[in-house]
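Student: Residues annotated as domain 'Glutamine amidotransferase type-2' in TrEMBL: 2-217. Per TrEMBL, the feature L-glutamine binding site maps to ASP104. What TrEMBL records for ASP369 is site 'Important for beta-aspartyl-AMP intermediate formation'. As annotated by TrEMBL, compositional bias 'Basic and acidic residues' applies to 638-648.
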Amino acid sequence: MCGLAAALLMQPTAVPQAELHRRGIAMANVLRHRGPDGEGVWTDHGVVLAHRRLAIIDTSAAADQPMHDESGTVHVIFNGAIYNFRELRGELVAAGHRFRSTGDTEVIVNGYRAWGTGLFSRLVGMFAIIIWDSHAGRLVAARDRFGEKPLHYLERADGILFGSEIKVILTWPGVPRRPNLSALHDFLSFSYIIGTETAFAGIKRLPPAHLMICDRGRPPLLQRYWQLPAVGENPVTGSDADLKRELIDRIRNAVTLCRVADVPLGAFLSGGVDSSAVVAMMAPTHQGPIETFSSGFGFGDYDETRYATLVAERYRTNHHVFTYDKKIVGSLAKLAWHYDEPFADSSALVTYALARETRQIVTVALTGDGADETLLGYARYFRYGAQLSRNGGGRQLPELYAPNGLDGHRRAAGDAYGYLMETFRERQKLAGYDLTMLPYLDRCTYDGLAEWVVDGLTPEEQAGRIDLETYLPCDLLTKVDVAAMAHGLETRAPFLNHELVEWVSRIPGNRKVWGNEGKALLKSALEPFVPRECMYRPKVGFRVPIAKMMRENLRSATEAILLSERFADRRLVRREFVQQMLAEHNTQRQEHGTRLWALVMLEMWFRTWIDKDSNQPMSDDDNPFAEIAPLEPMPRFGEAESHAAERA
């Protein structure tokens, strides 16, 4: 996993070569945290390829990037991991291609020479790839199927810019920092931004499972290179025992593929179904004890570490547990800088902290991400299905989505997408929006979701399918990638092996879930491997008690930022509305924790990226949360040692 940046200028001689190289170095420097092991910048006739390397597969200089083919016409920068690179390498060697390294990047170089853009559908893994084909005068960019690896771009009259992070694009001279208010409207709805838009006007995300072809003098061409099988296509059959056996085999194979690395590798272990499954599949063939990592807050429903300990004890892992308190917010200014956009999933705080500790021991960590969306694990999917049955007589989403005037449209859309976790609902936006945001009230937030509606799915499957296109890439995977790469830690998600996801998608919905038991097929299949008490319990998720903290320890800092003149002057949300929310929240008349946190993160973003022309985190003077002591995790001493003693 690494960081990459690129530029293609429409006029090859518009910028002198020396200046072009200087800009490439500036772009790479901003990504230093993503790739602490090396830097490479290559320029040629209006093209810049810049790269920061995190060395994981073939750590020698032979695998440095940018990487070039023997003819000097194919030039590649790449972020991610290709799990089937050895298989593809064998095909390419048999076809006469030669290799100088033992890593996965050179498979992309020679694979493009052999198969052109057909390469991407052959890759098993996570990736953001940029290829400059100097023979064709063409730049090709591609992103993995589910959006594990980020890739942003900006089209300009004089060229197109790319970066693993938005801050890379902002280093280019003349790039404006203007807020995209339409995207902020979406952010206030969901606490993250859905789709290809970003918080910066003009800067976009390359969608997952897409490639972009850029030729000078022509508009970029966006193409989808992969999609899930059509509903009803080649459905999976067999007995329940057959399905469970094959599911375990496929998960085990996906985990095995994700373990390819020449550096220390471990796993996040929350004690939930998915991460426990990953550890269980790793254990039989792992050399030595697995390094596993958990975090919690040490009180109430916010601490699942005892379940993680059960799994760790069963598989005799070298388990590391970290607990946190309000000091975790001491990293808030850094988070606002690393995420580049307003991002209000408060679990990013603990993910960031856990990644920092994990990186002290391993370079790669496997995660359980992706299982809930594909194997239908969220309770809200089932509440939504029951709601549709009550309100719509079991009608499918397209029927519920028929507009009937704006108010009718909002009500219908609210029914159709009622499973989504909203931050500010439509009525709250109507009451709270100030002058800057008022023009966006006419746009229903749900409108952009209709493109992912598919006929023939159960309500639960449809909810999972839309989450796979929205919540997964735009929240969960973004959260983990940014938090982990802030510390140079690579994360991998075996449940997002596309062959596994394709197979699961062909299982009829009524065989994946039984009644209201989420991930029922998966849980049943895992009973021989994971303690029952870890599986058959209410799903908690990776949570932070942010509402409680904002009402207590963080109250003064929250009020300082949300009642400030700077925030009020932006005219995003009416001051009276904010005051009312704070009063209701602080007196516990109504819970507004997620809404207040979203506004805090929005203002932190403005102060970090819009108010100043700098690529540095905000100063303490701008950050009311600077009064919180720096982040200091408190390890629970003794647990890792006790498990090691058991092994002895």
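Placed from the backbone N, Cα and C atoms, the Cβ positions cover glycine too.
Each of the listed features needs to be described in terms of its position in the shown structure.
Tutor: Using a 10 Å Cβ-Cβ cutoff, ASP104 (L-glutamine binding site) registers 25 neighbours.
ASP369 (site 'Important for beta-aspartyl-AMP intermediate formation') falls within neither a helix nor a strand when secondary structure is assigned with DSSP, and so counts as coil.
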Student: Name the residues of the same chain, 6+ apart in sequence, whose Cβ is under 8 Å from the Cβ of ASP369 (site 'Important for beta-aspartyl-AMP intermediate formation')?
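Tutor: Spatial neighbours, sequence-distant, of ASP369 (site 'Important for beta-aspartyl-AMP intermediate formation'): ASP274, LEU472, LEU476, LEU477, VAL480, ALA493, PHE495, LEU496.
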Student: If I take every residue in the domain 'Glutamine amidotransferase type-2' (2-217) and average their pLDDT values, what number comes out?
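Tutor: Over the domain 'Glutamine amidotransferase type-2' (2-217), the predicted model scores a mean pLDDT of 97.
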Student: In the three-state scheme derived from DSSP, which category covers ASP104 (L-glutamine binding site)?
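Tutor: Assignment for ASP104 (L-glutamine binding site) reads coil.
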